[in-house]
Amino acid sequence: MNNFLSLDDVSDPMAFAREAIELKKNPLADMHLGRGKMLGMVFFNSSLRTRMSVQKAAFNLGIQTMVLNVGGDLWTLETQDGAVMNGKAAEHIKEAVPVMANYCDILAVRCFPGLENRDIDSEEKILTAFATKSGKPVVNMESATLHPLQSLADLITILEHQPKPRPKVVLSWAPHIKPLPHCVSNSFSQWMNKADVEFVITHPKGLELGTKYTKGAVIEHDQRKAFEGADFIYAKNWSSYNDYGKFMDAPEWIIDAEKMAWTNQARFMHCLPVRRNVEVADDVLDGPHSIVVKQAANREFATQRVLKELLKELKH
Amino acid sequence: MNNFLSLDDVSDPMAFAREAIELKKNPLADMHLGRGKMLGMVFFNSSLRTRMSVQKAAFNLGIQTMVLNVGGDLWTLETQDGAVMNGKAAEHIKEAVPVMANYCDILAVRCFPGLENRDIDSEEKILTAFATKSGKPVVNMESATLHPLQSLADLITILEHQPKPRPKVVLSWAPHIKPLPHCVSNSFSQWMNKADVEFVITHPKGLELGTKYTKGAVIEHDQRKAFEGADFIYAKNWSSYNDYGKFMDAPEWIIDAEKMAWTNQARFMHCLPVRRNVEVADDVLDGPHSIVVKQAANREFATQRVLKELLKELKH
Amino acid sequence: MNNFLSLDDVSDPMAFAREAIELKKNPLADMHLGRGKMLGMVFFNSSLRTRMSVQKAAFNLGIQTMVLNVGGDLWTLETQDGAVMNGKAAEHIKEAVPVMANYCDILAVRCFPGLENRDIDSEEKILTAFATKSGKPVVNMESATLHPLQSLADLITILEHQPKPRPKVVLSWAPHIKPLPHCVSNSFSQWMNKADVEFVITHPKGLELGTKYTKGAVIEHDQRKAFEGADFIYAKNWSSYNDYGKFMDAPEWIIDAEKMAWTNQARFMHCLPVRRNVEVADDVLDGPHSIVVKQAANREFATQRVLKELLKELKH
């Protein structure tokens, strides 16, 4: 594994998730591995879970971290080839990336989509610039279209809580107050399609995700039918993919205890942050089947598994 | 000691302060104690002394730190139970606190009051959420009503500079340009009331502090009478407590060399930052009896004493 | 060496640069030297290269770092003696500096000029306050008038790439879209004047730098003449020094492949960030003679050399 940009970088996702679970037995066992190594964490967007869990995972492996807030602390970066830089952007990513790479052994990047132009977001200009111009292993800490660290943590969580060998996992669209990216849903779909689960996606008509991510999944527009027999309900909002970035509302899709009763006592999952009583009712989040905090905790071990793998590739 | 939220968490404040002084002899002697431990520092408000002294104290103990600026880098947190989160707050403290706790062994929190509603500030919703929902030891880095790390540093400073066994310590209100919280004054009053000192508070009429903090202290509205025979003058502004949060001005209460001459060559103390020539005249701050920088230095050892105690409680 | 504020703190710049190059052979060889030491990095202005390279250099030496963003996270600092602090500044540098120094073994500071008043900028109030009031070694991470860490990295880069013993180095003014400080050019001039190079400065008439920095250099207003036979072209914009801080435009001074062809196959240098196709054309930056990324990489070793020297002075 040279990078961790998407599912494609992992040869056996199920085995990878199981190895992450193994790390929990003794999280500090590999503290010597990262000695003398520096991880640069570059945030074009803010973050709580990612920021903390990646730092913690690096710490567990003895890797030092440097955090850079590009959006806040720094200037805007130009990404266009051939640009005449007489505007806001004071530095081109062509310089910024190799310069940052100078000081780091591994780079991790968070760069959200603009949600205005699907083609532009799909190009993943920033993530790609890091992967192609840094000469160092790059970790996706949530990009314009994907969030594989989240999906790996999700898979770990499912493996730890599954009531049966091939559980039914339902990704349900949930209402929000503003248009959100597709990254979490795209990645989750990709990973579930490779996992030993029965995977169903449910959402209002018109909110189809990109088929290049969901291909293989069952799409069910009737939320009730989707929920029946489910062992896991994974709630997530996303904006329109076809009418790209458009906000669509459907408040009746909120997930509450009544709907959870349709399931097979399903565990409730969400990548967080969650808007209570908009996406999900308090009775679900505060109920005994919510595993959202454990799911967030698994971000640490997902990242640790990834970093451990990348450390192997580094010359010592 | 499971938390350090207030004076109540310390069984013997005088002994605790003396032990902090002992740490100065060899600050790095306990560097092995914190190996593999992570302290999460969560700032809802900005900070200089606290940010640096807590990081330094953690470092002395071999504890790793992660700093999170909630106010700046992150979204607003919802604290209301049952809220329909369709507004600015993108995450509820019910999730945020246990999630952060996942990645940390100890949490330290700074959360100022709104100064608009005394009842709301007194509830200490954020600090309490950390203490009750994290499952981890929590350190108060200045909350809506208290600042015990400051008070412990203050007590250390008094013990180091007292000219006699039971010195006279005077907390004097001082002018400012805007309404300030009561935390430092509340905490200082609580700690001084437990210390081997003669404790007097002086302020203009109408600026009474809450009796639940000051109970036991002598209140003297004549600044001159209060200063007579004082061994320590501790200057601090606060807004009205009764007319909660209201700004009150009384520029004649500025502390200058002339007033310091009323004292028993008192040492001058202030928690900093101080507005020169508004709260205190240059001749006092630049004079030989000012110990404000030493007082700030003691923040490191106050925190180190607290963290050392909390480390003992952690399972290794 | 007690501080690293300017060239004056280095007795033999050439030897110092060569020692920095030696560090590259085994960057972590001195990791024990900084054990238990804390470097406080204080940013009054934002930064990418400096922030990362200083942290990395400290890490290589086993020094712990604390980063403080004064401009962003904190309040404004008052620098005027005798000020009545009833305005925006909440803390005086007289307290802030010794307080920060309490918690650190070495302090590093970045403080840009206002570019409004040459006399005020020349006083270097903030840097001087750190150097005189901290009681600790202070490193200039770019001040109002100088940027010696950059110049040391520049010298290292020149030594590594010089095609002959005494290369011709040309500092060329380049266009920009807004008025920039003189720090990089001032420092570079000082260092080149002490180095074994033939040093020429070229700029449009009216953009003379201060002679106290350039004294000894050849000034050539014809860019073509200056470029002829050059082994290194160092591009940098600066605003007017005589009409202090005034923006001056001369787009024809852009550096492109055609102009680089006038040189002796010169290596192209720039301190970054660079505005592509405003200061320098893509064909230069993307061409085989651009060494800007290597130049930035050398910031790490320049800083490491400085910190290593300062560590020697610390009492262990």
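Quick reminder: no glycine exception, Cβ is built from N, Cα and C everywhere.
What TrEMBL says about a protein is an automatic prediction, not a curated fact.
Sequence annotations record features per position, and here TrEMBL assigns carbamoyl phosphate binding site to C:S47, C:L48, C:R49, C:T50, C:W75, C:R110, C:H147, C:P148, C:L149, C:Q150, C:C271, C:L272, C:R299. Sequence-distant contacts of C:C271 (carbamoyl phosphate binding site), defined as residues of its own chain at least six apart whose C-beta falls under 8 angstroms from its C-beta, comprise C:H147, C:Q150, C:D154, C:V184, C:K236, C:Q295.
The Cβ neighbour count for C:E142 (N(2)-succinyl-L-ornithine binding site), using a 10 Å radius over every protein chain in view, is 27. Under the heading N(2)-succinyl-L-ornithine binding site, TrEMBL lists C:E142, C:H176, C:K236, C:R275.
Annotation comment: TrEMBL describes C:3-160 as domain 'Aspartate/ornithine carbamoyltransferase carbamoyl-P binding'.
Taken from TrEMBL, the feature domain 'Aspartate/ornithine carbamoyltransferase Asp/Orn-binding' covers C:184-306. When the domain 'Aspartate/ornithine carbamoyltransferase Asp/Orn-binding' (C:184-306) is classified with DSSP, helix, strand and coil residues number 46 helix, 20 strand, 57 coil.
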Three-state secondary structure, C:E142 (N(2)-succinyl-L-ornithine binding site) (per DSSP): coil
Chain A contacts among the binding-site residues C:R49, C:E142, C:C271, C:R275 (Cβ under 8 Å): C:R49, C:R275
For the domain 'Aspartate/ornithine carbamoyltransferase Asp/Orn-binding' (C:184-306), mean pLDDT (0 to 100): 98
Top Cα neighbour of C:L149 (carbamoyl phosphate binding site) in the set of binding-site residues C:E142, C:H176, C:R275: C:E142
C:S47 (carbamoyl phosphate binding site) and C:E142 (N(2)-succinyl-L-ornithine binding site), distance between Cα atoms, whole Å: 10
Those residues of the chain, 6+ apart, with a Cβ under 8 Å from that of C:H176 (N(2)-succinyl-L-ornithine binding site): C:N237, C:R275, C:V278, C:E279
Reduced DSSP assignment, C:H176 (N(2)-succinyl-L-ornithine binding site): coil
Under 8 Å by Cβ from C:R49 (carbamoyl phosphate binding site), same chain, sequence gap 6 or more: C:L272, C:A296, C:R299
DSSP three-state assignment (helix, strand or coil) for C:H147 (carbamoyl phosphate binding site): coil
